[in-house]
Structure formats: structure tokens, C-alpha cells
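The following features are taken from Swiss-Prot:
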type: BINDING; residues: Asp42, His246, His248, Asn282; note: Mg(2+) binding site
type: DOMAIN; residues: 33-307; note: domain 'Pyruvate carboxyltransferase'
type: REGION; residues: 439-557; note: region 'Regulatory domain'
Amino acid sequence: MTMLKDPSKKYRAFPTIDLPDRTWPSKTITQAPIWCSSDLRDGNQSLIEPMDSEKKLRFWKTLVQVGVKEIEASFPSASQTDFDFVRTLIQDGHIPDDTTIQVLTQAREDLIARTFESLRGAKKAIVHLYNATSPSFRRIVFNQDKQGVKDIAVNAAKLFVKYAAQQPETQWTFQYSPETFSATEMEFAKEVCDAVIEVWNPTPEHKIILNLPATVEVSTPNIYADQIEWFCRNVSRRDSVIISLHCHNDRGTGIAATELGLMAGADRAEGCLFGNGERTGNVDLVTLALNLYTQGIDPLLDFSDIDGVRKVVEECNQLPVHPRHPYVGDLVHTAFSGSHQDAIRKGFAKQQDGELWEVPYLPIDPADIGRSYEAVIRVNSQSGKGGITYLLEQEYGISLPRRMQIEFSQVVQGETDRLGLEMTAQQIYSLLHKEYLQANAPYALVSHRLQEENGHSAVEVEVAGEGETTLHWRGKGNGALEALVAGLPIAVEIMDYNEHAIGAGTNAKAAAYIELRVAGGRPVHGVGIDENITTASFKALFSALNRSLSQQEAKAA
């Protein structure tokens, strides 16, 4: 079977919402929503191998540490394991006073009773009721009409009131989800929710939660936002209701749908860390939170050690986080492209502490989430001088002059093309060392003696020449380097000279860079590093001289 030439024969677009006076497009998110993690319930039930109790507890502690204040821990009536986990959390004191446990139940009395029993002794708890309301579920799954579906919700809501009254020591919050809300007729979704509200009788001081799931994404995010705004306008007792979002990612727009839903008036967001969940996953709470953070809004969640959080999630879920996953993937703060690397390097050079973050290609400072800058720039065959320069500066304190950056990038490019692999900072430095610092033939500097005479410099150098010969060159000039050039037996023109310190204090070294031409040839660069700046400059000159002569010899051959 292949894709249809006319998909309209099999699929149809989801209808839009008639909301010409919608207001959400002109709004912005100005504060973090109430966060609820469903990792231990919705996320766990979607795993190939669900978490055992030990992993669940480890995950719970991570969520608490991050700052999630409402955590859906399990489906207590589904299994003894889930029931026992809730009991462990309560009896062993794993629920902080500022954190609320949430559990889920279907709309059957035996399951509801079991769910409330699992929460006995909890200081406070959210009990989450759901039943599907969309036309396809009514027709295909339940064979129920609208009244039948509404009756299921209302009868279960009454049972919530009954069983909660038997445990008055717990501060209860009731939550109702018209499952498949986004595929349900809005008038009917409102009708069912209004009926549940009537039973639970919330007040502004004691609110209930209405959770409005995009159980399966069926439309573009703007339609979901229209649904949320319409619902917020029309639901009864809006001031006594917390509107919650629960988006999945079937169309790849769960983040956008949630953000637009918050703009449309929602108060709360349910999801999972890094987007685990059924099928394509629940909305990713980490991305939502850090999207707020990068807009200057406190997300009320702490991902200062994002790699530590990822490690727990990967080990508990036994699923890897994609290397391109926003904010946390191994490659999301990495640039291979030469133009990107150059822009990032320049951005880092200009960025000052306390200023607004404006480094090109990096929407967040990796350091804010516990990332180092070491992986920001990596070098492969697509890389340019910016990335190479950045790595040498950051790892080895070597700042190549601009024209030398261009020359050395060609050397690196040739090596990456030859290897077909990425190069590390250490490999790049080794290549620099081999190409420039070990350029000792045909002339190797052995020693030098410098004297100042009447404001002029006199230099004598001992040089190891070809065939184990020892040469002595002498010259005078206005400075040490000019004196050395004057003493060379070859016509050399210095085009550019740069120097800087590597490190600080007594262990500091000097780096010198020379660009020269030999006998009117093309410019060539050399590098010298030494504790003594004069020695470093002499080494740089010999480096450039030898490289130029070797290139001329190779060209002649």
C-alpha cells in the first residue's frame, strides 16, 4: 500500500472554531503556569519496560528537586505496584509540604474507591477523573450517546465527593479531564464539564481543575488555542476553575499548542520531562520552562544541572534523549559550520557579565543550565577559521592573528577532509604544533645571544643546518627581530608581527606570530612559544622561514 494521490478520500481537515474576536494572538506569556509532571503515570505507561519502584522513587525525587509542585505519581487502581508506590510516598515521607501528589482513576466505583484508599494519610492530594468525550470514542469505543457519556462523568464525580468525605484529614483537589477534548464538539465538552462543576461545587477559595487534553493532536496549534479561549469564556464558574492543558505531540507541535493555550487563558500545564509519553510523547516540560527562561520569565523550575536531570530520565525511562533535543541534546549548543562558529566566537568576545545575552546562534547561555563551553564549537570538514580559533583560544590560550587564522584553517580543512572525521581541540593543537612549532628544517634555532649597543641590538644565533652543519649568523638592527633579519643569509620581509602572553604569573609563556615573505614570495606564517618573548619571536621567525623554504622546494619539485 502506498500514499494516496488524493488523501482527502481518507482524511479530512479538523474543523476550525468560529471565534472571530479571539484575543490570544495579541497576548504574551508573562508568568510560568502551574506545572504538573505526568512522567510517573502517562510517561511510565508508555515505556517498553515500565519503571520499578526504585526507579520511580528516584524519578520522584528528581522532580521534587527540580521544583515540580504537582506530580502525577501513578494509576493506583491499575496494579498493586502502582498502589504500593503511592503508599510508599505517603508513609515514608517523600512528599514535601509544598508538593501535591496526583493520581488518576477511571470512572468506575471500584476503581475510585481503590484510588482514594491509596491516598489515605496524605496531607493533600489531587484525584484525577477522566472519560473520553469525542464522537469517535462515543461511537466506536463505548457505543454511548452524549447523555450516556455525560452520565458517566457526573456519576463518577458524585463518587469523588462520597469517598473524599470519608477521609476528611486530607485536603482534596478534584480534577476532571474530558479525554480527547480537542476532538470533541466544544458545546458538548462544556456541557459535560459544567455538569461536573455542578456536582463538585467549587469556589474561588477551593478550586477544581479542568484538564483539557489534546489526547491526540488533530489540528494546528492555533485551533487548539481557539478551543481553549472559547472554553475559558463559556465554562461556568471560571473563577473557581483552574484550566489545565495536556498536549501530546502527534503532529510535532505540542510545545506550540501548549504555549498558545496558555496565551488563550489556561493556568496549568501537564507534561513529561524531555517529552516522554504515549506515541510521539507528551509535551516537554523542560522545553516549555526554558522557553520562558529565555524570554526573561522565571519558570519556577530549576534546570541548573540539566545533564544530571537527563541522566536520571534516560536511566529510568531506558530511552535516550535525542542529540538535537532542545536545550539538552548533545549537539544543541554545538556549531560545526564555519560562519556559525565565527559569529559565536565574536559573540563570546563581546559578551560581558551582567549584560543581556546576545551571542549569535545560542538562545541560552549554556552555563545557565550547567553546560560548559567546551562543546559549543566543534570542527569538521564544514568548519571555518572561527571554530578553530575559538577552540585554540579556549583550550590553549592561543590567539591566532586574523590572516593566520585563514592559513591554518586550510591546513585543518585538509586534515578533516583526509580523515572524514570531527577534530577535537587536542587534535587541532597537535596539528598546529606539527605544522608550525616543529618546522625545524632546513634551519633550526639552537641558541642566541643578544646585546644592546648604543640603542641598537646586536644578535648572534647558532643554527643547526642541513647535514649536521652548525651555522652562526650575526646581525644588527633597531630591535632584536630586526637584527636577526639583518643577519639572515636570505632576503626576508616581515609583513606582520603579533605577540601575547599565555597564562599568567610565573608560569606564563609568550606566543609570537610572524608573517613574512622570503625572496619576494608569497606570505607565510610562523609561530613560536617560549618563556622568553625574544626567544618566542625568534622561534616564530624560524618557523615561518622554514615553512616558506619547504613550500618553495615542494613547488619546485
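Note that Cβ sites are derived from N, Cα and C of the backbone, with glycine treated the same way.
A map of Swiss-Prot features onto the structure.
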| residue | record | contacts (Cβ under 8 Å, 6+ apart) |
| --- | --- | --- |
| Asp42 | Mg(2+) binding site | Glu72, Glu270, Cys272, Gly277, Glu278, Asn282 |
| His246 | Mg(2+) binding site | Ser38, Ser177, Asn211, Leu212, Pro213, Ala214, Thr215, Ala269, Glu270, Gly271, Asn282, Val283 |
| His248 | Mg(2+) binding site | Pro213, Ala214, Thr215, Val216, Glu217, Gly254, Gly277, Glu278, Arg279, Thr280, Gly281, Asn282, Val283 |
Three-state secondary structure, Asn282 (Mg(2+) binding site) (per DSSP): strand
Cβ neighbour count within 10 Å of Asn282 (Mg(2+) binding site): 28
Per-state residue totals over the region 'Regulatory domain' (439-557) - DSSP helix, strand, coil: 38 helix, 55 strand, 26 coil
His248 (Mg(2+) binding site) - helix vs strand vs coil (DSSP): strand
Cβ within 8 Å of the mean position of the Cβ atoms of Asp42, His246, His248, Asn282: remaining residues of the chain near Mg(2+): Ser38, Pro213, Thr215, Cys247, Glu270, Gly271, Cys272, Gly277, Glu278, Gly281, Val283
Integer mean pLDDT for the region 'Regulatory domain' (439-557): 93
